[in-house]
Structure formats: structure tokens, C-alpha cells
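S.K.: My questions will all concern the structure given below.
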Amino acid sequence: MAAPVVDGWFPALALGVSLLKCLFINAYHSTDFEVHRNWLAITHSLPVSRWYHENTSEWTLDYPPLFAWFEFGLSHVAQHFDRNMLVVENLNYDSPMTVLFQRLSVIFTDVVFIFAVRECCRCVQKQKGSRDVLNRPSFVLAVLLLWNFGLLIVDHIHFQYNGFLFGFLLLSVAKHLQSQHLQGALLFAVLLNLKHIYLYVAPAYGIYLLRSYCFTQDNKDGSISWRSFSPLRLITLGSIVTSVCALSFGPFIAMGQLPQVLSRLFPFKRGLCHAYWAPNIWALYNMLDKSLAILGVRLKLLEEAGLPRASMTGGLVQEFQHSVLPSVSPSITLICTLLSILPAVASIWRRPRGARGFLRCLLLCALASFMFGWHVHEKAILIAILPLSILAVESREDAGIFLVLSTTGHYSLFPLIFTPAELPIKVGLMLMFVIYSFTALRKLHSGQGTLLHPLESVYLLGLVVVAIACEIIFPLSPWQQKLPFLPLLLTSVYCSVGVCYSFLRLYVSLLRQEEKPKQL
């Protein structure tokens, strides 16, 4: 299959969204802005031996070493804007020049993401008879990725560097789609050492590369040919991963600080749920626990004084004991996550189905980890939404799943931006992305049936009711003082249903593909 040509429209799309990002420079920013300013100060002002010990601020360095070196590099540019931002003791420092630098650093490092999107657009299957640029799968994919609502508000309003990191993920996926597996493995190894949340999808990478790269042939029925195993290829892969990890963690291992670094990367004393409940199975579990507790008190089956105090509504999270249902430990979430990804990784081991089979497995691993993981951040839903965009422009069924998952997943990010001034911005951006997604994908897959079932459409329309209730009615009601947690609770629980449904539909589509060889 010839790679689709990415014409002059791509630079225009990339430039347009970059200019849009510049409009948000003076918008609200979250505590993550101070987190990254503090990391700039730590890596610039302190010796390497103190990076993972420094705790003047509560926002300690808790990303892998490669990201610390990334901050170190940025700090040498930052000093030309305002040297005071690089003083560790200057907590919550946000001078105009500091804001300008940090905002521009996100916009400029997004060049990695833009390049990755361009490579992904070269990988999508070209639609037959499609002459109109606006209806080409590559064009639709570019818009869905470059103008992704979640990335715009999380990175350029809330403040983070997700675009830079997703650039490595998408570029790695593109390399696998182009059968350049060693480059794909290298990029993913670098990504893991930039941010360890991408361990969510590591099982998909590990099984796929072992099965489809280290084993060079299949039997006639598609099963594995054990004689085709290549030890040299396994050693090559292992060398790539080991070299990247050695460069990243080597200095800290030499200083005897590996346990300290790992304790920062995996802080299991944090609670089951983040301060903002991610829309996953544990949000539903927490809601059930709260409902049973309230019902038990009203029926006089439980004494209110004997119930644990809720601690999930604060800004900093901690360990939490459920009131009625059994409390969930990190080991339980790990077991649930492993069990939920097992069918997906087993599928690409038995019948690999190429790089697109790997991409589907990656999506299921990302969603399974989001659904059952410990202390999951709501922003992690983007790990599934962005790669799913690739499948959405090629398959009608995947397009329907994308519409449900992206709409609910993106709306679940609304509580991150809670300031009144930014309300029109997030609503406007969300509406533009949703309207474009629905119209473009419907036109792209026209003649192949409807993208959504009636109940799916009803569920998505329910988000409008939830939005009006949470964003307009609730702030004007007396409940705002008595029940400040209510909008977040409603948003997380309602969106959890859509995320869980999308996860199940992706698994159903995987099982259907497994049935196809048996029907031949």
C-alpha cells in the first residue's frame, strides 16, 4: 500500500493550531504549572544527587530521569527569561516572563507531536475515489490529532507537556505501522524513561515485538512457528531497551539512589482515586459505596459516627478506607488490570494480525489500565483516545467507538478547568471538536451504515444535561456550599459508563476478528 501524500494542507493545520495555543498564554493555569517550575529550579540549581531528595515544595520530582534531564535543558533557556523562576525557594512564582516561557516551552516542544501526526497520516489507508482533500482519511486524522480537545485544554490551559510525550508514542506506533520495529522500540523505550505512565501499554509492545519481530515466520494456519525464533533479534531488542534505561537510571544507580528514585515514581501511599475521580470502574465502585453508606445510615443499619471520614475531595490525596464495600489495595488493582489485558495480549500472541492488531491491543491495554489502575489520573484517558483516532478513520465500527469514548473522555476533563473566564473557551473548543468528529467521520464512512446505535446517541445527548446541571445550574444553587463535590461526582460517574462501554465494545470487536479465520 502506497503511503498517502500529505500535501500543503498539513503545515496550515499545524500552524493554525499553534497560533490558537498562543491565545491561551495568559489563561488560567493549574498547580501543574508550579510543579514544572519547581522541577526547572531543582534540576538547574541543585546537583544531580539531590534531584530526587529535594522536598522544599510538596511538588517533588516524580517523573523518570530522562524527563528530569528534559527539564534541565529547558532551564538553560528559562534563565534568559527570568532567573528567579529557577530559585527552589521561590514557591508559586509566576511572573509574566515565567508564564511566557513555560507556555512557549509547551508550544515549541509540540513540534515532536506535529511530526508524529504527519507520520501517522502517511500510514492510514487511502480511501478509494476520494479526491476532496477534506474527505481524505489522512486529513481527518490530522485534524482529530492536531486539534484534539483534550490536549488543547490539558496542555495549553491546565498546563502539562503531554503533546511532547504523545509525540513519542504516536511516532513509535507509526514506525511499527511502517514495519520499522527497532525504531519503534527505541522510541517507546525513550518514552517510558520520560514518563512511566506509559507502562500501561508496555505489555502490548512486549508481546507484539516478541511474537512478530523475534519470531520471523508463522505456520500455515497462522500459529507460531517455534523454529523461526531469532535470538539475535531478541538480543538486539534487549540491547536497545537496556541502553536507554542505563542512560536514564545509570547515574542514580551509581550513586546508590535507585530505591529513592523508584519511591518517587511509584508512591503507593496515594489513594485509590486521584483528587479528581477518573471516570473508571473505581468511580462507580466509590459511588456504590457512598450510596450504600447513606442508605445504611437512613435505615439505621449503620452509625454515621462509625463510618470513615471521606478524604477523596481534597487537593492532595491520601489513603482512603471505603465505608461499606471492601477497601481496594494496590495489589487488587494490579490483579484486575492484568486479568483485563490478558485476552488482548493473548490474542496478538496467537494471531498477530500485523501492526493494526498491535494498535488494537495497545488501546485495550491503555483502557484496561485506566479502568482498573491505582490512582489513575483523568488525563490518562488520552492514551486511548489519540491512538484510536487512527483506527477511527479506517473502520466504521471503530469510528463509532471513537465518538463515544472521545466525547465522554473529553467531557470528563471539564472539572480540570473550573474558572468562569475559561468556561466559554472549553465549551467552544469541545463543541467544535465534537461537531467536526461527528460530521467528518460520518461523511468518511457514508454508505456503510450509521456510526452510533440509538441508545448510544441518547447517552451522549445526556452529557448536555449533565453539562447544564454542573456548569450552569449547580453554581447558582444553594448546593454549591453544602455539596461542592456533587458536580465532580456526577461527571465522573456518568462518564464512567461511556468509558466502560467503549472498553467492552473494543473487546467485542477483537473477539469478532478472532472468529473470522475460523469462518474461512
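Cβ from N, Cα, C; glycine included.
In case it helps, TrEMBL gives these features for our protein:
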| type | residues | note |
| --- | --- | --- |
| TRANSMEM | 100-117 | transmembrane segment |
| TRANSMEM | 138-159 | transmembrane segment |
| TRANSMEM | 185-210 | transmembrane segment |
| TRANSMEM | 231-254 | transmembrane segment |
| TRANSMEM | 328-349 | transmembrane segment |
| TRANSMEM | 361-393 | transmembrane segment |
| TRANSMEM | 413-438 | transmembrane segment |
| TRANSMEM | 458-479 | transmembrane segment |
| TRANSMEM | 485-508 | transmembrane segment |
S.K.: Please indicate, using numbers and ranges, the residues of the same chain that are 6 or more beyond the transmembrane segment (485-508) and have a C-beta under 8 Å from a C-beta there.
M.R.: 276-281, 283-284, 287, 313, 343-344, 360, 363-364, 367-368, 370-371, 378, 381, 400-401, 404-405, 407-409, 411-412, 414-415, 459-460, 462-463, 466, 469-471, 474, 479
S.K.: Considering pairs 6 or more residues apart, do the transmembrane segment (328-349) and the transmembrane segment (185-210) have at least three CB pairs under 8 Å?
M.R.: yes
S.K.: Based on Cβ pairs under 8 Å, which of the stretches 138-159, 185-210, 231-254 lies most in contact with the transmembrane segment (361-393)?
M.R.: 185-210
S.K.: For the transmembrane segment (185-210), what are the same-chain contacts with Cβ under 8 Å, counting residues 6+ beyond its ends?
M.R.: 63-67, 70, 165, 168-169, 171-172, 175-176, 234, 237, 240-241, 244-245, 247-249, 265-266, 341, 344-345, 348-349, 352, 357-358, 361-362, 364-366, 369-370, 373, 377, 380, 383
